[in-house]
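In what follows, a structure is listed as structure tokens, so that the remarks can point back to it.
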Amino acid sequence: MKLFWLLFTIGFCWAQYSSNTQQGRTSIVHLFEWRWVDIALECERYLAPKGFGGVQVSPPNENVAIHNPFRPWWERYQPVSYKLCTRSGNEDEFRNMVTRCNNVGVRIYVDAVINHMCGNAVSAGTSSTCGSYFNPGSRDFPAVPYSGWDFNDGKCKTGSGDIENYNDATQVRDCRLSGLLDLALGKDYVRSKIAEYMNHLIDIGVAGFRIDASKHMWPGDIKAILDKLHNLNSNWFPEGSKPFIYQEVIDLGGEPIKSSDYFGNGRVTEFKYGAKLGTVIRKWNGEKMSYLKNWGEGWGFMPSDRALVFVDNHDNQRGHGAGGASILTFWDARLYKMAVGFMLAHPYGFTRVMSSYRWPRYFENGKDVNDWVGPPNDNGVTKEVTINPDTTCGNDWVCEHRWRQIRNMVNFRNVVDGQPFTNWYDNGSNQVAFGRGNRGFIVFNNDDWTFSLTLQTGLPAGTYCDVISGDKINGNCTGIKIYVSDDGKAHFSISNSAEDPFIAIHAESKL
């Protein structure tokens with residue numbers, strides 16, 4: 001009995017680390033600021049057939065409607081209530097999206113903003129996405145309801161009431177992040193209101209949560225909230241399934257708060273990943289791709305089974321958050337595709353792909369003065385994601401997840417899932433290759449000269465279609481063909497001026 005109980009508790013503890021994606025689906029995509037109606041369509045027409053596991057959606061709860069600057073993306077991170085009512089859509093549209101996505105095997109992960117309410121400087125009134133009244137000055141949020149008792153004003157010891165020193169773990173948790181009213185998560189009432197919101201989402205059918213600003217909450221307070229959560233909806237998930245949890249903790253080293261403080265609750269965002277990979281692929285600070293041989297824990301990252309990884313996210317692609325100038329984004333398309341390709345081929349971590357919108361970037365003294373700009377809109381109403389004849393998106397939606405090179409690497413990861421990291425090659429510089437057991441092989445040329453070499457792929461003999469330069473369609477290849485001989489070797493030739501200086505082949509791209 002003791003052994004059974006031990007196994008049961010371990011099983012229970014492990015649940016929040018597994019993604020709840022359908023078998024054979026290994027990545028999620030952040031459809032940043034998309035409307036629920038567009039996400040529902042995208043699940044059906046694209047994400048499900050292309051092998052995506054799920055979608056991270058923008059915060060679905062009511063927020064402040066900010067008009068100066070006009071409707072910025074960050075207003076979504078200033079809650080007013082837990083009503084499902086935002087510029088992405090209302091509760092009916094949200095339910096419809098979750099149902100339709102789940103029905104085609106694509107999961108929904110909610111960005112949960114639970115550390116705080118809106119900023120202390122916002123004026124009282126009903127300028128909110130559902131018209132709820134709120135008064136930050138008197139700490140009054142009747143639509144929840146929260147009042148003065150439910151905030152950390154009395155607990156914070158800094159003069160301003162805001163976080164002033166990141167080397168003081170207590171003020172990082174108990175004071176206001178950039179003036180955002182800090183909820184008293186130590187109170188059972190507050191925990192219960194948050195759990196009620198999250199349980200409402202679980203009952204609708206979501207598969208898990210990104211926990212925003214986790215660094216600014218005590219790990220024990222997060223745990224107390226998670227302990228109140230329901231199991232997932234058994235219409236779509238096995239009986240007893242727990243929500244997937246990944247916590248946003250920016251830990252680049254050098255601060256008292258560590259990612260590992262949060263492992264007991266679930267996975268954690270590994271911000272070192274994109275910052276370092278960007279530096280390597282840009283070849284800054286003497287970094288080379290050959291150094292990626294021991295990528296992952298060997299670079300001082302958290303354990304693979306605790307990491308949620310990404311090349312860029314909605315914050316750092318516009319200079320917010322962490323990582324600085326090394327972060328690669330869709331603006332750096334050629335290098336970005338290589339970085340995302342490397343991430344999706346490498347076994348480390350659980351992978352999230354970014355899907356962005358364009359904004360009028362304008363740098364003054366090294367800072368993008370338009371880093372606040374919200375999604376494509378007509379006078380504040382978010383524009384539809386239109387699909388062009390060539391399958392790209394219109395209306396200033398970037399849709400990196402639809403770029404052939406990225407979409408095909410999402411599938412590559414599915415095909416090689418569970419296979420070991422094998423057959424590493426490097427030239428001591430920026431030409432590298434590696435395989436995933438006998439299921440996949442990828443080659444990169446990030447040097448300033450041509451790559452031409454015969455390598456051991458570990459794959460069965462045959463003709464393979466390179467899924468970077470083309471697609472396998474009806475048994476034919478629209479891109480480069482790679483011939484693997486009986487001994488598993490193949491010749492690769494990649495010009496340094498190629499549109500995409502990398503090649504990837506896998507078991508399902510065999511002709």
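Yeah, the Cβs are placed from backbone N, Cα and C, and that goes for glycine too.
Of the residues Arg173, Arg352, Arg358, Arg361, Swiss-Prot places Arg352 in the same chloride site as Arg210, Asn313. Here the candidates are Asn20, Asn235, Asn265, Asn474, and Swiss-Prot annotates Asn474 as deamidated asparagine.
Comparing Asn63, Asn370, Asn423, Asn427 with the features listed in Swiss-Prot, the residue bearing the annotation deamidated asparagine is Asn427. Among the candidates Asn152, Asn165, Asn365, Asn496, the residue that Swiss-Prot annotates as deamidated asparagine is Asn365. Under the DSSP three-state reduction, Asp315 (site 'Transition state stabilizer') is assigned to coil, being neither helix nor strand. Between Glu248 (active site, proton donor) and Gln16 (pyrrolidone carboxylic acid), the C-alpha separation comes to 15 Å. In the three-state DSSP scheme, Asn365 (deamidated asparagine) falls into the coil class.
Nearest Cα neighbour of Gln16 (pyrrolidone carboxylic acid) among the listed recorded positions (Asp212, Asp315, Asn427, Asn474, Asn476): Asp212.
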